[in-house]
């Protein structure tokens, strides 16, 4: 029997063992709160310190805001399902979740690429940095990235709308993920799967290529710096970004490889946690611990908040 549009999906989550549900709820609630507080702290620290009103930290705030939205598109629904012991999600809710996850995942790719371009201009063209990376260009880069991400997400949502679904609508994950939705379809999905691979190559491959291209030129410029102190200072401005890039793409490729070599639903769900939850949670710590200016701004902000309490 085929069902169109007016139906519900079941999110099976990480495990069906009822004894583990309280532990999972506590763990993911803690991770969600840490992510929200950590990224909000980054945004507030940058906003409150005039010395950090530069393109680099403007993009960092954009990344932090995106991380908050990214994790909020999945975790609250998971926590609600565990709390109510109800695994269902409506067809409309599932489509909305797919759409928002794609928007923020693709936007993360583009923001990381934009941040790499910012470091490229700062290190390879330092004298022209303020002219090139003006406020208008920074805003345009972020808005263009958001527009491309939104168009891609809407296209994928329309792609799901044309599919018919069977009665077994169980998603072996804690959120509605596009490949898992397509697997449930009764209709032919060959074109859909081809489009997913093409989109992945474009919207993940192009930003990654841009990041690699930028860092090839960055490393080349740094190696030409005569003093070791100058080299260390230049590398230190890129260290946090490189760590975030490695974390995001490392976990994303790990999920891709895992889904290609295993059919275990449990392993697929756990792997999805690695790229939807872990990077947004760790990004604030990476930038706070590896960046001296950021550490100082966070310290001042915390002191200011403590003095008001």
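Placed from the backbone N, Cα and C atoms, the Cβ positions cover glycine too.
As given in TrEMBL:
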- 38-287: domain 'G-protein coupled receptors family 1 profile' (DOMAIN)
- 20-44: transmembrane segment (TRANSMEM)
- 56-75: transmembrane segment (TRANSMEM)
- 95-117: transmembrane segment (TRANSMEM)
- 129-155: transmembrane segment (TRANSMEM)
- 194-218: transmembrane segment (TRANSMEM)
- 239-257: transmembrane segment (TRANSMEM)
- 269-289: transmembrane segment (TRANSMEM)
Tertiary contacts of the transmembrane segment (95-117), defined by C-beta under 8 angstroms and 6+ residue spacing from its ends, are 56, 59-60, 62-63, 66-67, 69-70, 73-74, 77, 89, 141-142, 145-146, 148-150, 152-154, 156-157, 160-161, 175-178, 181, 203-204, 206-208, 210-211, 214-215, 241, 244-245, 248, 275-276, 279
Residues from the same chain, set at least six apart from the ends of the transmembrane segment (269-289), whose C-beta lies under 8 A from its own: 12-14, 28, 31, 34-35, 38-39, 41-42, 60, 63-64, 67-68, 70-71, 74-75, 101, 105, 108, 172-175, 177, 240, 243-244, 247-248, 251-252, 254-255, 258-259, 295, 298
For the domain 'G-protein coupled receptors family 1 profile' (38-287), the averaged pLDDT of the predicted model is 87
